[in-house]
Each structure stands twice: as C-alpha cells, then as structure tokens.
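To start, the structure under review is shown below, and the notes come after it.
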C-alpha cells in the first residue's frame, strides 16, 4: 500500500461528498479541533460567503464532532439523554413539517389556479369563488348532456350584455380573456420584480446547483416562499405556456430551508441542510404530480448531488406526508391525487411498439430543438437590451399567447385540462369532439368495451385544431420558459407530446379499422374489436417529450404511471423514454436544466460528464508560469499585520500554511473566514495581541522575551489534513476527486513541497477549455 501514490489512496475510498478522508488522528489535530476553538461560537462562524462553495469534508467533520459530543453527554444525565433523542428525531420532525406545508400549499395552488383560469371566461353567480366545474356541480338545473352549462355560470358577455351568441358576445369575451391574462401576468412579474427576484423561473437549475454545495443566499428565503406560490397561481392562470410542477419543487425546498432554521443541527451545517433539501425536492414532485415514489426517484436521479441511504428514507417519508396532505385537501374533486387519472380497457400489442418508438424519436428531436432554441433566446435576452425590460417582455408574450390561444378551444383551456382530455379513452358517455365517432346502430356491447369505429366530422375537425395547437405550443413555449415569472416546463412538454401522441393514436386507430386485413393487424385487430387506444399514445408521447427535454428515464416512467394509474403500460413508456433519451443524447448530453446551469455560469460539476483528456494537475494548478507566487502563510514567522494585509489585498477563500517560504514544506490549510474571525476574536478577548504579534500555527509557541508582544496561536483552526495530489496526477483523477468528495480546493505538492492549488473553478475552466468553450463565459458573475 505504501507504493500506491497518495492521490490513489485517497480516491480509492471513493467517499461520497461529506465524508472526510482524514484519519481519526488527523481529525483530532486538524479540522476536527475547529469546534474546540469555537466552544463559545461568535457570529457568522461556520457560514460561507454568498456565491461560494461549501467544504463538504469540513462540514462532515464538524457534524461528526457534534454527534460525538452529544453521545458522550447523553451518558451524564437523563436530561442530556432526552436532548440526544430529540436531536436524533429532529430529522423526521423536519420531514413531517415539510410534507404538511408543501402539501397544503400545493392544494391551495391547485384550487386557486382552477378558479382563476375559469375567471378569464366567466363567473359563478351563486358563489364567485367557485370554478366553472364546482359551480355546475352545485346546480340542480345541470343536465348530463349539457353538464358544462348551468344558469349559475355566466360568461362575461352574457353577464354584461345579456347575449350568449353572436359576433358581439364573442368579441367581448375575447377582449376580456386577453385583459384578464394581461392583468394576471403583470401582477405576477411585478410582485417578483419588487419583492422576490429569485422567485422567477423554474428553480430546478438553481436547486441542483445549491444541492451540489453552492451558496445562493435568499434563493430559498422567506420572501421567495411567500411570493412564489402567489405569482405561480397568477402566471399559470394567465394562460401562458408554463406549468407549476418545477416551481413547486422550489417552493418545497423553501419550506425545507425554513424548517432547517428551527434546528441548529441543520441551520449550522450546510451539508446536513442539503440532505433536508434533497428530501424536500422529493416532496415537491410528490405534490406536483401526485407521485410520491416518482418524487423520491426524481430527487435521486435528477436533482441531488449527494443522496445517502438515510436521505432516501426521509425523502420517502416527506413525499408520503405531502401526498397524504394533498389527498386530504382533494383539490381535483375526484378523490385522487392527480388530474390525469385514466382507466384503459384494452391491452397494448407488440406491433404498437413501432409507433411508440416513433413517438420516442419525436420526443428526442423536440427536446433537442427546444433546448437549443430556448438557450439561444435566453442568451439573447441576457446579452441585449431585451433583458432590461422583463415586465414588457412578459406582457408582450402574454398578449400574443392570449390573442392566438382564444380562437382554438384546445389552447384556450388550461394545459392540464387539455392533457387530461387527450389522455382520456372514448367511452359511451364522452362528449368531447375527439370522441365524435360514427356509431353502428346495431352495436350491443358493454359500455367499457366499445369497438373501433370510423371517425366522424368532429374527430377530423379536432385533428386540425390539435395540429395548430401543436405548432403553437412548440413555438410559444420556447419564448415563455425563462421569463421573469415562475415557469415550469413539465406540463408544456407533456402537452406537446400528448397532442402529437393523440394525433398518431387516431391515425393508427383509423388505419387499423379500415385495413384490418393487413398482415400487421390480422393477428390482433379483428372487425368489431377494440384494438387501439388513442389516449395511450397521448400518454406515451407526453413521456417521450418530457424525457427529451429533461433526459429523465427511471423517474419519468414511474411518475407517468403514478400520474395516470396505467401500471400495465410500463413497457411502452419505457420504450418511448429510452428512445427519446438516445435520440436527444445524440445531439447533446445536456438536458434543459444542465443547459441553464451552464448559461448562468454556476460552478456545477455534473457527475454524468466524462473527462477523457490526457492533462495533468500541473497544467491546471495556479500559479501559472508568469503569475505572481502563491499567497501562503508561514507557521511561525507571520505577524497579525501581515495576515490582515494578505486578507485585505486578496480575495482567496483560504491559504496554505508552510514551514518557511524557502522550504515551501506544506503544513496545512486555513480558511479565510476562520482566520478573520479568529484574529477579530483574539483582539477582543486576548490581552496583548497587537499588529506586530507573531501568529503561530505550531503545537507550542516558543518562549519569547517579555518585551515582545503577546503571540497569537492559531493551531486549532489549521486543517492539518488538506487534500493533496502530486503534480503528475492525471486531471481525469482530479476531476473525479472533486466530484465524489465535493472539494472546494486541492493542493498540489511534490515530495511534500507545495507547488500550487487547484480550485473547483479552475477545474470548470479547464473542462470548458477542453470542450473549446470560452472558460470565462461559464463562470458565475
């Protein structure tokens, strides 16, 4: 083992981020003693500057010390034992609170969106807070054939002029629809701009970055939690091509951050806080889709950077509580967690895998098109005058959306209702245009087993409207995602896929009906049989398009079958999801969230990226050949004034400590913030510490003459086990170390002599250079 280089030994352990590579002795002498030095914590200890990366190893070491201290104290008295039990249970309490609050917020948002979406078209006279559906439920005069019409619900033109038909009524309803949409979107963008600038967008790219260890203060703050649900309701109700699912993950993480502040175990440790946020993301997807298992898998596959087994259990519990809370509120009135629940009565056949795979290809191509077009538009927004007028942009896009959406009944309604209709199977009781088939008068079949029939004029009319809706959704979503309002991408992507899938499904159904003697239909589609379910094709298309945009696979399939209840259709969903990912990956590995992370320049090291270049640590480390020498501290010859000058003149997050400037033998590493706090605290509490006092990082300070100023011993804030690699370490290995251990920086040595330092940003710059990108363009500004 002694023959194996140090960097290989350290990587061998392949520790997840947050697990220290130091030996117990090193921890006791080094970073582990940080808490001993801070027995009486002063303000800002253990915190990080805004837009900086946390040190996972240091946070884990501090949590281990805290846990060790609590365990030893628990043996002293009953009270200390109770405190230790409360500490152990605090994680589950936080999960319970997150589940309850995020489930409640999701239920309220669903009800509010339902009401405000219908408010654009009319109002309920018996109770203005009722949506169209609720209004007609409560009416005694509603008939089954006209279940969408009741005297209590009146459109605005009928209410104002008394006329329900005619050009005048249509124009007035059209005008008021646009006016309400503009009002809702203006309120949304104004509230975001004034009170919570971080409440805009999806939130998932930033949450992925935060979970990887980056600090964005205020992104999960109280103002964001207050404003985002309100503006989300307004944005979705305005009719814009956006969903509420992504922002609900952001809202759930805000809930998690809020409850972390109640427990010092999480509020004072950034690594532990991120475990809670991973579970909160799972709860967010659980209530967004009514898919608790899918939520846990989404957090694991798509969002989380570090996901230990303990977090898996807690995510499961948080998702369970959130789903239970949402079910108690019952926002859809169907006693189910989801709006899209379907029950198909026909199995799928092997020959149908061909159109399912074609839908997967469409999903992959749509995902690639959307990502490239949306990123190009967002880059243009950032680099031109357009970005200076976010309110005007939102108003313009809303106006165009409402103007073009109203004439088409499939774009006028909310996207969720559209998807629900596209997923539905045509039963005997359906009144939709999509179910306008020509019935055989001699048919005597059970209601649930209606055979394939020729399409009537309503179906062909609906197909034209759906084709126009598909083009409209594809184009308008590109310009909508990324505006300064809360905007999710799941529902618009599913809508594009569901429209395409339903069109393909009807086409296959009609071909099978008219050509049942063809060889591909002969075995499974006899005359008078119910062969093809167009709603299933809509479901598969929705999964394919969502997979093409986000590059999800396992969690996507689970979310889709939880969302629809279509458990026996897992294979078609899997085929479409895998195909869409393969096709999309052929044009580029990044999904929409990774692309937005790159666009914003967040320091995010994606675990899925491969680094295959043959460069060495010496090619990346600083200082470079013509750079000034590395800023270091010596163990026993630096004064307080020298340290303060170094801190003032540089913006580095830490400094290596060496034996002397001549030998450059590495002793350890000290964090900038710890150094600043230690000197400030020493000046306040320790007599005799002045600017000329010598700072010692050694075990014992030497005896000094009485005339010399009091020395300052800072051994206890020194990390004696900083992560080091040799100058000939391959960068492939260094990148792996940074990913798996979540490092902020790594020191480069040769035979114990310090040569340089590699930070996370240096690694990102180098990776950008290797991919022929501008290294400065991707760094967070």
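From the backbone N, Cα and C atoms, a Cβ is placed for every residue, glycine too.
Feature transmembrane segment, per TrEMBL, maps to range 489-508 of the set 429-448, 489-508, 509-528. Of the given residue ranges 151-173, 174-196, 197-219, TrEMBL assigns the label transmembrane segment to 174-196. Of the candidate ranges 245-262, 317-334, 335-352, 389-406, TrEMBL annotates residues 389-406 with the feature transmembrane segment. Among the residue ranges 51-75, 126-150, 276-300, the one that TrEMBL annotates as transmembrane segment is 276-300. Listed as Cβ neighbours of the transmembrane segment (462-482) (distance under 8 Å, sequence separation of 6 or more from its ends, same chain) are residues 201-202, 240-242, 366, 369-370, 373-374, 377-378, 381, 397, 400-401, 404-405, 408-411, 418, 432-434, 436, 489, 492-493, 495-496, 499-500, 502-503, 506, 592, 596.
Of the Cβ pairs linking the transmembrane segment (276-300) with the transmembrane segment (389-406) and spaced 6 or more residues apart, fewer than 3 are under 8 Å, so the two regions do not touch. Long-range contacts of the transmembrane segment (353-377) within its own chain (CB-CB distance under 8 A, at least 6 residues past either end) are made by residues 474, 477-479, 481-482, 493, 496-497, 500-501, 504-505, 508, 537, 540-541, 543-551, 572, 575-588, 590-592, 595-596, 599. Tertiary neighbourhood of the transmembrane segment (89-113): same-chain residues 229, 232-233, 236-237, 244, 248, 251-252, 255-256, 258-260, 262-263, 265-266, 275-276, 279-280, 283-284, 287-288, 310, 314, 317-326, 328-332, 414, selected by CB-CB distance under 8 Å and a gap of 6+ residues from either end. Averaged across the domain 'CBS' (621-685), the predicted model reaches a pLDDT of 88. Listed by sequence, the residues of this chain that lie at least six past the ends of the transmembrane segment (389-406) yet keep a Cβ under 8 A from its Cβ atoms are 174, 177-178, 181-182, 184-186, 188-190, 193, 238-241, 381, 412, 472, 476, 479-480, 483-485. Long-range Cβ contacts of the transmembrane segment (536-561) within its own chain (Cβ-Cβ under 8 Å, at least 6 residues beyond either end) map to 285, 289, 291, 293-295, 297-298, 300-302, 342, 344, 348, 355-356, 359-360, 362-368, 370-371, 419, 422-423, 489-490, 493-502, 504-505, 508, 567, 569-570, 572-574, 576-581, 583-585, 590-593.
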